[in-house]
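K.L.:
One structure follows; several queries about it will come next.
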Amino acid sequence: MRLKKTLLSIAIAAATFTPAMHSIAAPLQLQATLDQESQIQSSNTWLEIDLGQFKQNIEQFKSHMNDQTKICAVMKADAYGNGIAGLMPTIIEQQIPCVAIASNAEAQVVRDSGFKGQLMRVRSAEIGEIEGALDLNVEELIGTLDQAKAIAALSKKANKTVKVHLALNDGGMGRNGIDMTTENGKKEALAIAKQSGVEIVGIMTHFPNYNAEEVRAKLGSFKESSAWLIKEANLKREDILLHVANSYTALNVPEAQLDMVRPGGVLYGDLPTNLEYPSIVSFKTRVASLHHLPKNSTVGYDSSFTTTKESVMANLPVGYSDGYPRKMGNTADVLINGQRAKVVGVTSMNTTMIDVSDIKGVKPGSEVVLFGNQKSQTINAAEIEKNADVIFPELYTIWGTSNPRVYVK
């Protein structure tokens with residue numbers, strides 16, 4: 001039986017396992033894991049999330065941060081596809097003071113885990129979404145006066161102050177922030193600061209490139225802009241968190257750590273510039289059936305592969321609907337019995353064929369690694385990206401919504 005789970009259904013399912021998913025106690029988390037393990041026995045594909053590696057990545061990242069710098073763990077896209085509910089006990093255990101999300105559903109899962117700390121949204125939201133998050137104490141990201149005015153009206157209606165992080169465009173993303181190089185931009189920023197019921201608790205920007213020199217240059221601009229705004233708006237510096245650093249910037253431009261950093265990919269082992277943080281996820285399936293084909297047999301749609309000898313093909317119950325791209329056909333390898341096997345023919349919606357002619361011991365039920373490690377062999381992110389012709393996050397965020405997860409230690 002296929003298990004297709006949206007973020008919301010994952011959250012609901014996590015809540016129905018046991019109260020363990022709402023607890024910070026590790027033994028109770030293991031109880032939930034056992035339930036998930038039983039589910040994958042009836043699934044065609046699954047993800048294995050290594051909680052030990054997740055913890056190690058957090059601890060290693062912490063060791064490079066200034067003592068006074070807060071860490072805000074970015075868990076948008078359901079923790080980059082790894083599952084917020086399953087990772088929150090580790091976040092709480094590691095005493096991470098802030099979590100960043102994108103949607104209200106994600107915010108609810110974080111709060112349901114027992115997390116009482118700072119919770120911020122790292123994208124713009126429309127006013128209905130903001131209103132829906134009031135009871136969750138979500139700090140919003142804003143970058144326009146119109147947003148601030150709408151929030152001020154909501155604050156008055158709800159009789160509740162809304163905390164916000166004001167985005168400046170000094171980093172050059174051009175998607176959320178105010179341009180402080182113009183007089184109009186400065187006037188708008190000051191007007192935002194004066195809105196009743198809107199409390200600025202942070203000033204931030206975001207850098208679009210992995211380029212340390214560029215970051216340093218733009219960091220100087222951000223510092224000037226934020227200092228000007230704090231002074232002219234009569235904000236208390238001690239009440240404002242200045243934050244600009246994602247995973248790359250926090251590790252490679254230490255002077256940009258400021259008051260808070262926002263690591264995302266590095267925690268899950270996806271930071272191409274820093275490979276010392278291993279991936280916490282593996283993507284797996286099993287052999288459904290074996291097929292003996294004579295020489296000159298074609299395989300898959302478009303007959304793009306033809307056998308050159310008598311061959312043994314293993315049918316894998318995974319395809320592009322599970323997040324294994326069509327382009328993997330005739331290009332990618334998978335791991336089976338500790339060896340590499342070629343994907344042959346075009347990957348279908350629900351089926352992938354691999355050539356196991358020269359691999360001994362393959363049988364229905366044999367485990368197949370699509371991404372991750374098996375014995376001494378590895379399928380890594382760079383290999384996946386090359387074969388699929390997409391950036392890795394495009395894949396693992398789909399994996400997380402299309403496949404059940406099991407959490408291992």
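In case you wondered, yes, glycine gets a Cβ from its N, Cα and C as well.
Per Swiss-Prot, the feature active site, proton acceptor maps to K76, Y301. The annotation disulfide bond is assigned in Swiss-Prot to C72-C98. Sequence annotations record features per position, and here Swiss-Prot assigns N6-(pyridoxal phosphate)lysine to K76. Among the features that Swiss-Prot reports, signal peptide is placed at 1-25, with the record citing sequence analysis.
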K.L.:
Residues with Cβ closer than 8 Å to the Cβ of K76 (active site, proton acceptor), same chain and 6+ apart in sequence?
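P.N.:
Those within reach of K76 (active site, proton acceptor), by Cβ under 8 Å and sequence separation of 6 or more, are A100, I101, A102, S103, E106, V122, R123, G264.
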K.L.:
Give me the long-range Cβ neighbours of Y301 (active site, proton acceptor): same chain, 6+ apart, Cβ under 8 Å, in sequence order.
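P.N.:
Set apart from Y301 (active site, proton acceptor) by at least 6 residues yet with Cβ under 8 Å, we have G345, V346, S348.
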K.L.:
Looking only at DSSP and grouping its letters into three states, which state does Y301 (active site, proton acceptor) belong to?
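P.N.:
In three-state terms, Y301 (active site, proton acceptor) counts as helix.
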